[in-house]
Amino acid sequence: EMKLSAVSKKLWCVHKQLLLLLAPLVFLPLLFTLPEKEGKCLYVILLMATFWCTEALPLAVTAMLPVCLFPTLGILPAKKVCPQYFIETNFLFLSGLIMASSIEEWGLHQRIALKVLSIVGVKPAWLILGMMLTSSFLSMWLSNTATTAMMLPIASAILESLFGDLETLKQKCQSLDDPESALINGTLCAVTEFLKTNETNVHVKIKSEAQYQMKVWKGFLICIPYAASIGGTATLTGTAPNLILIGQLKSYFPDCDLINFGSWFAFAFPLMLLFLFLGWLWISFLYGGLNSRLCFKKHDSRAQAEAKAKALIIEDYKKLGPINFAEGAISFFFVLFAVLLFTRDPKFVTGWSVFFKKGYVSDAVTGVIIVSILFFFPSQKPSLRWWFDPQAANTPYVPLLSWKKAQDSVPWNIIMLLGGGFAMAKACEESGLASWIGGHLQPLAEVPPAAAVMLITAFLACFTEFASNTATIIIFLPVIAELAMRVSVNPLYFMIPATVGCSYAFMLPVSTPPNSIAFASGHLMVKDMVKTGFVMNILGILSVSLAMNTWGVAMFNLHSYPEWAHPVNKTATALVPFSSVPPLNATL
């Protein structure tokens with residue numbers, strides 16, 4: 001037994017290296033059993049999927065495998081693979097990241113957060129709502145990880161002013177008999193034990209109050225990463241899967257111009273608000289924030305703690321001082337960035353892109369124009385007096401953003417990951433693998449489309465718990481697009497829920513970096529996340545289905561099979577006649 005455990009430990013130490021050696025051998029039969037080009041393409045994709053899900057190689061290195069393997073296996077020439085790594089979509093992503101780094105550079109995000117929290121009030125449920133609204137709004141523009149990393153210290157400071165020191169709180173929670181059970185098991189067993197010992201009511205009261213506070217503390221910590229993940233879905237640049245969707249749409253369906261920054265926001269923002277509200281109700285219900293104190297004022301020790309927390313928020317906001325010139329300038333460019341992206345071609349009204357040659361100006365162009373200005377716009381108020389005053393200090397000119405800061409804050413690995421995804425999609429399409437897989441998905445034609453939407457969202461929301469969101473959508477989107485074409489359903493009807501579902505990773509600390517950051521605080525347990533996240537996933541799936549079958553259908557004309565979806569790759573594309581599938585609106 002000792003030998004066995006020693007061997008297993010040794011194996012675990014080298015498990016990643018073993019995976020790198022064994023995975024290529026395990027998938028080797030595919031090269032000989034499938035049609036030549038499709039088999040080779042599937043081989044590379046399964047290899048990449050394995051390395052992504054197990055992180056046997058760093059994600060960005062796996063994303064570069066298409067450059068090595070597609071040309072050498074004769075799937076795609078290098079001159080077709082390499083340009084996929086920096087297509088137009090990546091420039092949109094880059095401009096969003098640079099805008100975010102300038103917001104962080106001047107502390108504008110902190111000002112927004114404290115302002116929102118001072119408005120919503122400090123009763124636990126309202127504070128949780130304030131935290132969720134702020135986190136989701138910031139993660140629409142900043143990365144979900146940066147938002148969580150910034151909001152958690154603010155949350156901890158507020159909690160300490162509400163409930164005092166965490167360690168003291170933990171001690172109050174502990175039972176005389178079993179000091180760990182009340183806190184660690186998160187149950188009320190310790191309270192009942194306490195009651196059985198016939199201790200005085202005072203002790204019981206202190207203890208149950210401490211446990212209530214501990215629950216609220218957990219609710220605070222858990223709501224921030226969840227809200228950041230939900231908020232990221234509302235804008236195209238908010239999270240990588242949204243960009244993968246638009247990149248793959250351009251690759252598969254070049255004539256589809258339905259989705260851009262404005263039209264995506266019009267669809268996804270109401271969905272985000274709906275899910276955020278449902279998530280808030282669930283988290284507040286679970287962690288003790290929803291009670292009569294929401295609406296009625298009481299004068300007790302809690303009220304005093306709440307007043308203290310409110311004072312802390314206001315004091316922190318005052319410390320920031322009045323808005324300076326740089327913050328004002330960043331606010332202006334941030335609003336301009338958003339407004340220009342929304343109004344370029346919002347579909348429901350004529351956008352400003354009509355002033356330019358048709359099809360020439362895209363979201364990427366808009367984003368890059370605005371962020372380029374940040375590198376030369378001054379961060380100090382320009383003054384004419386300075387020119388004529390020989391006594392004035394000759395300080396060097398400082399722009400709003402330096403390239404060094406921008407370079408340091410851009411996660412280049414994600415840009416590589418996006419590129420790897422686009423290269424993979426290109427290979428799927430050109431090798432005929434997507435059509436081949438689509439042919440084998442024919443039995444799914446029997447499933448009503450509305451049910452298929454729920455199944456797709458649920459499957460991807462579960463898969464993304466164990467793999468990176470970006471890797472998940474890269475692997476499954478080509479298959480989902482092909483499936484939609486096979487069953488003559490508008491491809492967007494399946495692709496949009498799949499993309500949104502990929503961001504709904506709530507159940508495990510490893511699911512997504514924001515979850516890991518909140519878990520690393522040390523106050524959450526895996527079972528807290530699983531319990532809260534399981535219901536969050538269900539609420540998310542229902543919200544997406546509702547959105548797709550109501551305003552989604554109207555916005556993207558989903559009840560008919562579109563002209564642009566007749567496949568570019570016309571080999572083996574025997575489309576099912578539309579009449580053989582129940583019409584979409586019949587199933588809604």
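From the backbone N, Cα and C atoms, a Cβ is placed for every residue, glycine too.
TrEMBL: automatically predicted annotations, no manual curation.
Sequence annotations record features per position, and here TrEMBL assigns transmembrane segment to 43-73, 85-103, 123-142, 220-244, 264-288, 320-340, 360-377, 447-480, 492-512, 532-554.
Stretch with the most C-beta contacts under 8 angstroms to the transmembrane segment (532-554), considering only 123-142, 447-480, 492-512: 492-512. Only sequence-distant pairs (6 or more apart) were considered; of these, fewer than three Cβ pairs between the transmembrane segment (447-480) and the transmembrane segment (360-377) are under 8 A, so the stretches are not in contact. Within the same chain, the transmembrane segment (320-340) stays apart from the transmembrane segment (264-288): fewer than three Cβ pairs sit under 8 Å, each pair at least 6 residues apart.
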